[in-house]
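Notes follow the structure.
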Amino acid sequence: MSGGGGGTEGLLPRGTSYGALVGLVADALMRRNVGWRWYAAFGVTLAMTLMLAGCIAWLFLRGLGIFGNNTAVVWGFPIANYVWWIGIGNAGTFISAALLLTRQPWRAAINRFAEVMTIFAVSIAGLFPILHLGRPEYAYWLAPYPNVMGLWPQWRSALVWDFAAIVSYLIFSLLFWYLGLIPDMATLRDRAQTRTGQVAYGVLAMGWRGSARHWQLHDAVYRALAVMALPLVVSVHSVAAMDFSASLMPGWQETIYPPYFVVGALFSGFGMVIVLTALVRLGLGLQAIITPRHFEVMGKIVLACSLGMGLSYATEWFFAWSLGSRAELVHLHKLFDGEYTPLYVAMLACNLLVPQLMWIPQARRNILAVVGVAVVLNVGMWLERILIIWNTLSHGHLPSMWSVFWPSVFDWLVLAGSLGFFAMMFLCFARLLPAVAMHDLGKLLRERRKGS
Amino acid sequence: MTPPAGPLLGRRQAALGLLASALTLTSCGQPEEEILPYVNKPEGLTPGVSMRFATSLPMSGYGRGVLATTYEGRPVKLEGNPRHPASQGATDVFTEAAIFSLYDPDRSRSVRREGRVDTWEGFEAALLPRLAAAEADGGAGLRLLTGRQTSPTLLRLIADLRGRFPAMRWHVHEPVGEEAARAGAQLAFGTPLTVLPRLERARVILALDADPLGPGPEQIRHGRAFAAIRSARRDNAGGLARLYAVEPGFSTTGAKADHRLALAPAGLRDFALALAARLGADLPAPTLPAPMAPFLDAVVQDLQGARGAALVLAGPWAPPEMQALVHWINDRLEAPVDHLPPPPEQPEDLAALGAALRGGGVDTLVILDANPAYDAPADLDFAGALRGTGAFTVHSGPWRNETGALCRWHLPQHHPLEDWADLRATDGTASIAQPLIRPLYATRSAAWLLGLLRGELSLTAHAAVRETWAARWAAESFEANWRRALHDGVVPDSAARPLPPPAARPPALPPAPDEGPTLLLRPDPTVWDGRHANNPWLQECPKPLTRQVWGNAALMAPGEAERHGLRKGDVVQLHAGGRVLEAAVLPLPGMAAGVVMLSLGYGRQRAGAIGNDLGANAYRLRRQDALWEVSRLQLSPAGRREEVLQLQAAHQLEGEARELLPERPFSDFLRHPLEPAPKVPPTSLFKPLEPDAPVAWGMVIDSTLCIGCNACVVACQAENNVPVVGPGEVAKGRDMHWLRIDTYWHGSEARPRPGFQPVPCMHCEAAPCEPVCPVAASVHDAEGLNVQVYNRCIGTRFCQGNCPYKVRRFNFHGYADGQEYANQGEPIVAAHYNPDVTVRSRGVMEKCTYCVQRISAARRQAEKEDRPVAEGEVRTACQSACPAQAIQFGDLRKETAAVSRLRHEPQHYALLGHLGTRPRTTYLAQVRNPNPALEEPEA
């Protein structure tokens, strides 16, 4: 990766000042008129959110049978969506924590909305395991709480680990994000032009005055939390992987799964960050602080992840072949010659082939190209999630129970609705909170001035 | 304004008056009812404790003994009666499903005249004057149409009826009839004897397009006999009988055969002729082509070597000459066959009735529980005759079917479980059927109607049956005999005595069938001739071999389908005899070339909410001269597709997968034992479970014996309140059966050898479903059962995802809980539920429990008597249903228990044992007894 501590080149506009940087971010929030584009986008995503709510109501009314799941393929879209969303939720905290610790200067302009993306994605991801329950009204039985039945969750189940992993990751991400938000809240409080804004941002700023002691404490706690965040970034997806690998099914029962899922999560997470970065840059007019260099760096990460994915796939194939167990071989065989083969080939193309474009420097610096690759790889990652479920459950140990999954219309509507819900929440965020960490930009500027 | 006439009511009085009138108004909608506990408890009845009664159920007129379990006068489960020769303690799908038909919401509940609800009195008022008038000419215009009748009482009543109407004529119509068999016996012996093959005494059996193991009144008896001669055990000194099958279609008998040859009807005839010629018949022997000649050599050698225990069988669909030929061959081979005297009277057939209806010779027609408007051969157009006739037509039956709708009067009849009756089994054994429940609706019995015809206004079936037997038993011992017969479910010593073997006449030449494509019509393995079409358990019961549900299909060899450019699900037009029928195509390996097979019983219009408009009505191509084989068939694609619902597609086992259902030849199954189930648990981080109970339940299933009949599947459904999901959900892959019979295909596509593997829950000792459940709904009990706690389950479905056997079933909808299929949510349907088993709600997982309620009942009983549970005391529903005794259940801790002994057989194996699940349900591999001379080179 280019640049160490001093590589602020191409990240900030020349000759800018602290005030100009803050104004660039904060003014957008203080402006009353956001334009029809925002309202149009909000209207569309609100409609999709309402559709999602309608689907959920119908689901509770009619039962899980409205989805395409069958006796053999008992898991389907909801679990694939869950894994996909939680994978997306992986990148935000990674960018905030790992890049902070490794002192990557380019994280400053993107970490805030990446964290928000994480929180929204993990929240949505957390919905799916509940929605896919036969009796979602009892989802709280997964939590260890004292009850008259005298029953605790069954600790050997990966689903209990998963429940704990999601909840702790979500709580931690919220805390981490909010901690980073406090100085910016104070900035907004000071710049707010309405009484409502002053009070609201003032309450959220929790009395931040920007004293040296404040900054010193904030920095220490923030870095400490970042250190704690890293294991969580890894664990949440490792545990999601164990939902599969702690089983007895061909194609699932593999030790490669946890690292493979973490790489995949990073891959799809960065993919989504790239897409959002482009949208935020365009929507909020932040071309000055979100630059092609950001895209170039993230393009490189995507490329590295893609290679990691390739390695994982190859490992999976190799072990299935070398262990030679019948069920594993059948699973492998069905990947390349089965009902889902077109999807599998499409997935390989999306995840392995297309990201190779990022070897070319010109493509990395072309924002459209990077965004294109990111969209494609997110489609590929979703295909990967669904195929992990479909191919294994469709071709289990006993051929008599082989069956193909046909998604129902509700499967698609819920997936689309979750995207709409995500987009709607993100639109609200862009309207109400600073999309870029202003104080981090300030630190970057200070660093540049110190260096020059 | 005039002042009120009476005294004004005070406010309080007015209020009380209003209250009183309100009370009267609300209460007048409900009849006055008293709910009182029993003052005197009926003897032997404890509420909540089941009672069992013996009775009999008809199958195409023949009786089969059952033991019915009832709770407070409500029958919920039928099991076989061990004392009855046609049941021997086992059941078949039809017996198991009969309980559901009792509670079928589509049963007829009222008398109807021209389709409108009428009264019994109205019917009597309409009929009686006609009868009185008919007496004048001896009842020449009176016709009676029934199905096959074996009931001594009904036969007596019909004979009595002749006393009043000497000119009355009686017709019998049975769609799966035995006319050809009777005619064949007539040809061979001069009288239409009943010929009963005794498989249990045979060592070599050749089935010439016969299906003794397939559905029918004798399936259970043959299944039991098959088990007796095909049990591969360590200490089985006698060895295994050998079974050959030569057939155009594919039957379960063909599936169980050691050697099978698929031949079109012409080839089959040549084969039979050549066989007869080799045995010395004076017939022109055709020269057989390559695959047939060595097969014949081997068969002839085997048959001759087993003289006295060699048996050749022909199906009831074989033409009379072929039947006679087989009788002659059996005579030469001194085959184990019983010859019973023919029934005393041969009633007239349906064709005569149809002609009379058209000719105007019928004045009054009474149809007793037959459905010719649907199941008569198409060329008779009986429905048309019925529609066009001016006669006084009466239909009596439990359902208002196609015939009931066309008759002037329809009378609702008791269900067999509500009625007194008597029946004879195929071997003549009589049994008395007693009602198990007071009639649910205002129905009447067939005996009452026959009594009415005779002029007796209120004959009860009870009185009629008692009268019949009073004439046969001495008066002083009548009551004792009656009680004995009711209790045992059989009348002692009532079986027909076999005649001394008559000499068979030299056979004549069977007619040569037409060359070219032929349509075979066969009874359906789940709906039989169509009479069970409205039974959802049977519709959802997968048919053997194809595992098709909710419909029938035109079965043909894959090559044949390809030749016509047809794939599975394509609709084909079958042209024959100037008629056309459209049916969906289902390729089935192993069918003879040029043969299409279609089962009867589908395409019904007035079966009810369940059975209407499913599949293709094969009767529309059936002709009086072509009841079972319709030749000169033409096929043309109809250009549309229909979904063929199968619970499993045909799956050829290759390579390592063969070990899922291993096959071993009898000659070396002792020498090469299969991998025994691992005795030592594989290493594990978890401490192995140390169960402390004195019992360890286990099950062993012998796939050699399984004849794929599905009796266990339906028995499990009946016992465990397993809901029906309907064709829509089946299409989505969501059947609910706790027990399924996996069917795998061995061998080449040209010579396939299908095998059956019943798969209940394995109750693994290291069950993969248990650790993955986050809420501990899937847990182990001390006796080794893997149990599912329904009210703890939240429906993550991880258990099923992780189950290598995929035996768990999920309630995606409230299949039994508010979202039932079709009319399954009607209140009456709930009456069939077994009160000892929870009815599962939406969103929970369920699965085989080893019938834990039966285990629990036995344990309670044993504890009360302070003794351990005895061997054989717990019989699971599947085990008790199995005609072939392929399923054994018991305590693995007891070395002497049947399951423990079976676990030591050399062909014992655990399904997917290498996964370390240590299943409690284990298997015995298929042992076949191939003829070394015919050994096929196996890859």
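Cβ atoms here come from the backbone N, Cα and C positions, even for glycine.
What TrEMBL lists as transmembrane segment is A:38-61 (among others). Residues 67, 131, 136, 283, 410, 413-414, 416-421, 423-424, 427-428, 431 of the same chain sit 6 or more residues outside the transmembrane segment (A:38-61) yet have a Cβ under 8 Å from a Cβ within it.
Distant neighbours of the transmembrane segment (A:81-101): 107, 110-111, 114-122, 124-126, 128-129, 132, 166, 169, 172-173, 176-177, 180, 222-223, 225-227, 229-230, 232-233, 236-237, 240, 261-262, 264-273, 378, 381-382, 385, 388, 414-415, 418; these residues of the same chain sit at least 6 beyond its ends, with a Cβ under 8 Å from one of its Cβ atoms. The transmembrane segment feature in TrEMBL is assigned to A:81-101 (among others).
The feature transmembrane segment is assigned by TrEMBL to A:113-134 (among others).
Residues annotated as transmembrane segment in TrEMBL: A:158-181 (among others).
For A:220-240 (among others), the entry in TrEMBL reads transmembrane segment. Under 8 Å from some Cβ of the transmembrane segment (A:220-240) lie the Cβ atoms of residues 82-83, 86-87, 89-90, 93-94, 96-98, 100-101, 122, 158, 161-162, 164-166, 168-169, 172-173, 175-176, 179-180, 258-259, 261-262, 264-265, all in the same chain and six or more residues away from its ends.
What TrEMBL lists as transmembrane segment is A:260-280 (among others).
The transmembrane segment annotation in TrEMBL covers A:301-323 (among others). Remote same-chain residues near the transmembrane segment (A:301-323) are listed as 1, 250-251, 254, 256, 259-260, 263-264, 266-267, 270-271, 274, 329, 331-332, 348, 351-352, 355-356, 358-359, 370, 373-374, 377 (criterion: CB distance under 8 Å, separation of at least six residues from the stretch ends).
Under the heading transmembrane segment, TrEMBL lists A:343-360 (among others). If one looks beyond the transmembrane segment (A:343-360) by at least 6 residues along the same chain, the residues whose Cβ comes under 8 Å of a Cβ in the stretch are 267, 299-300, 302-303, 305-306, 309-310, 313, 335-336, 369-370, 373, 376-377, 379-381, 383-384, 386-387, 391.
Marked as transmembrane segment by TrEMBL: A:367-390 (among others).
Taken from TrEMBL, the feature transmembrane segment covers A:410-433 (among others).
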